[in-house]
Structures are given as C-alpha cells and as structure tokens.
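K.L.:
Please read through the structure below; I'll follow up with questions.
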C-alpha cells in the first residue's frame, strides 16, 4: 500500500526547492566576492611591500654583495698582523673606519686598524709558526675592515668586540684574514662566498617573485584585456588570417 503526497503539498515543495537553491547560490557568490576582495587587498599590499623591501635591500644587501663579488676575495684565509690601532672621535678625525655600526650615518667615533699581510695560508702558519721579523709582507700598513663595506648593524656587527678581538693588546699577533685579488689593498676580517651568494639570490628573488605573482593575479582578475586574451578562441585567429583559396 503506497502513500501518495497530496498534489498541493507537492507543488508547494517544488516551488520552494528552486528558491533554496537560488538563495544558497547567492550566499556562495557573496562569500566568493568577499574572499576575492580581501585576497585582492592582501595581494595589493604584498606588491607594495615587495617594492619597498627590494628598494630597502639594494643598499644594505644587494650592493655590498655585488661589491664583494667584484672584489674577488681569496676564499683561503691568509696571515695578517695588526700594526697600528687608533681610536678617534669627531668627523674630522674619522675620515675612514675599520668598523662602523650603521652604514648610512657619519662616523663620530671610529676604530682605525692597519695591518700587514702575507699570502701564506693561515693554517700553514698555524702549523709552522715563523718569526715576524723574517717575513716578507706582501702588503704593509693597509686598512683593515670588518667586511667589504666596513660597516654593519648589531648584532651581526659589533665594533667594540671587533676592536677587542683584533686591536689593543692583540696588536702584533697573527690571525686569519681575507684579501681581495682584484684590489690587494683591501683586507677584511669576515668573508664567505656561500653566504654572500645566498643573501644576494634571496634578496633578488623573493621580493620580485612576490611582486610578479601579486600583480599577475590582480591583472587576471581586474584587467579586461588580460581576461579576453586568456579566453580568446582559436577561431579568432582563423578569421583574422583567412585561408588561401586555390
């Protein structure tokens, strides 16, 4: 025995079903619009911040990294000896500095270290120490820098610790250093080819990729010409270039 739904109720349910479907579709469309709006806002912010980040990285990371590559430092540390250490104050006296905390401000207090270096690898010197008076130095009384730029920011660069490590009571003690094969008068305390290359690649790739992805998605969503180009039918090209009749 079957139970039949009354005609009037069946008709009423059939009328309500399309309304529910339409309402759910409207809710989904509204949700997608809001999601698109907030996503666009995030992408726009990311694109702007990427530009500022790249401009910020140019003087602090990109330019020093390129200068380091151009200097062509010998990756094997050679032997250096500090010959003079001067602590000076005032802009007139600080025309140059071995270490400066901050690369955009003028140095008011500075440590100036001069070194002699020989191209004898430091690990060989450490195994077989030699008399300093008998050494023929390759370069004498040249400026000694903490890095290529001679500056940096804490905690990576601490000039007080740098001066304590190489100057004062340590004058005349052999230590490892890196000289430039392109500019032999440049000697630095810190150098790593791998770290320098890694920082350069990351500073170039990350901001530019974020900017390109953000602008690409925004252009696809809001630029009519991009949308038409992406959805252009092959038939358009066929009509634009008609076949040759025999």
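Here the Cβ of each residue, glycine as well, is placed from N, Cα and C on the backbone.
Model, not experiment: these values are computed from the prediction.
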K.L.:
Write down the single range among 11-36, 37-62 that appears in TrEMBL as transmembrane segment.
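P.N.:
When 11-36, 37-62 are checked in TrEMBL, transmembrane segment belongs to 37-62.
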K.L.:
Which residues of the same chain, at least 6 past either end of the transmembrane segment (37-62), have a Cβ under 8 Å from a Cβ in it?
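P.N.:
Contacts with the transmembrane segment (37-62): 103-104, 199-200, 203-204, 207-208, 210-211, 214-215, 217-218, 221-222.
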K.L.:
Apart from its near flanks, which chain residues at least 6 from the ends of the transmembrane segment (200-222) lie with a Cβ under 8 angstroms of it?
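P.N.:
Contacts with the transmembrane segment (200-222): 36, 40, 43-44, 46-47, 50-51, 53-54, 57, 61-62, 65-66, 69, 230.
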